[in-house]
Amino acid sequence: MCVLSVAVPRNYDPALHPFEVAREYTRALNATKLERVFAKPFLSSLDGHRDGVNCMAKHPKSLSTVLSGACDGEVKIWNLTKRQCIRTIQAHEGFVRGMCARFCGTSFFTVGDDKTVKQWKMESPEYGEEEEPIHTILGKTVYTGIDHHWKEPVFATCGHQVDIWDEQRTSPKCSLTWGFDSISSVKFNPIETYLLGSCASDRNIVLYDMRKSTPLKKVILNMRTNTLCWNPMEAFIFTAANEDYNLYTFDMRFLESPVMVHMDHVSAVLDVDYSPTGKEFVSASFDKSIRIFPVDKGHSREVYHTKRMQHVITVKWTSDNKYILCGSDEMNIRLWKANASEKLGVLAPREKAAMNYNQKLKEKFQFHPQIRRIAQHRHLPKSIYCQIKEQRIMREARRRKEMNRRKHSKPGSVPFVPERKKHIVAVVK
């Protein structure tokens, strides 16, 4: 018996395909589940330091080079493609407090507990040549941080005050101070390159203009800010990592309230770094985890932790937007994927097309309860899980107390204070 195969004509009118959304929903659900199955973000651990890693710096021209400074004064230069240390320098007595690379990538600067600023060549010395710094500046006080200008041979250090240095001189061009407390970090704006931001231990975030000899303005928060990072795409936006477990994204023109409060950590946030796209940033915390936050969201999209990782002191997002590096107390630098389930290596065109299609499906159905639950679920260490639970109870108790106070007070005597304004004490201009 002969069976004729007839090509069934396909009608693309969605009205005649009642199961199209159901099919897409199933595909989106499967794609979300597979994304969680393949989410293996940890790539490797760079070990070699003999003390906790205190600071890191990226090479401005080379993606595969990263620098790290430890608490025993040792500086290491790493090759990320080989995942090994290519050079070790005993740079300082005591801690390496800060480091930064020159914008051209030929040299880098370090500051330490021995009150010195040192400039080093990026290349290793020739055979038989001594490992010596190009320049050494001996200061009067301990320097706690350093950052280099993005276009000019100028760098800034902080400690007792913010000093602006010319590379050719051994004394600062100008010194900026506002208040009398020590300053923990200073950062140049990558777009408006003459602007600087600094964090002081008297809870201030101070903004400076290099062209003027006085600070611009400062904002005082409830608790101390450890460091800040400027958005590389939006000139006025910066994010501050605070001791009160939160991060605050500010617009420097309107410091009265932050643009966004990012809450998820359960201990002090010690470092923050932006992705090169300016759409996300990564934060390192004392709670032994790192989190990735979208700039416009109050909660993190990703949390990374390992059993061995201790307090994370420093974190960097690589310039190709693919990897994250973090340095922690237990002498290791860890390399993570920025996108946990991303497949590394060369993708075939079919793989790319399937990946893009799945991504669009996940975006289309992202608010459906089941897909949302699977996409947002993360396994956490017991300590972090219990602290989150405890903080939720405390937050709820505070809210209930405020409601009761408002209920039993004269109308209008207990005002509603938005979450964004609760953490700001004052703005001084």
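In case you wondered, yes, glycine gets a Cβ from its N, Cα and C as well.
Residues or ranges marked as repeat 'WD' by TrEMBL: 46-88 (among others). Using DSSP to sort the residues of the repeat 'WD' (46-88) gives these counts of helix, strand and coil: 0 helix, 25 strand, 18 coil.
The helix, strand and coil residue counts that DSSP assigns across the repeat 'WD' (262-303) are 0 helix, 21 strand, 21 coil. Residues annotated as repeat 'WD' in TrEMBL: 262-303 (among others).
Looking only at the repeat 'WD' (305-346), the predicted model's pLDDT averages out at 95. Taken from TrEMBL, the feature repeat 'WD' covers 305-346 (among others).
Positions annotated as domain 'Sof1-like protein' by TrEMBL: 338-424.
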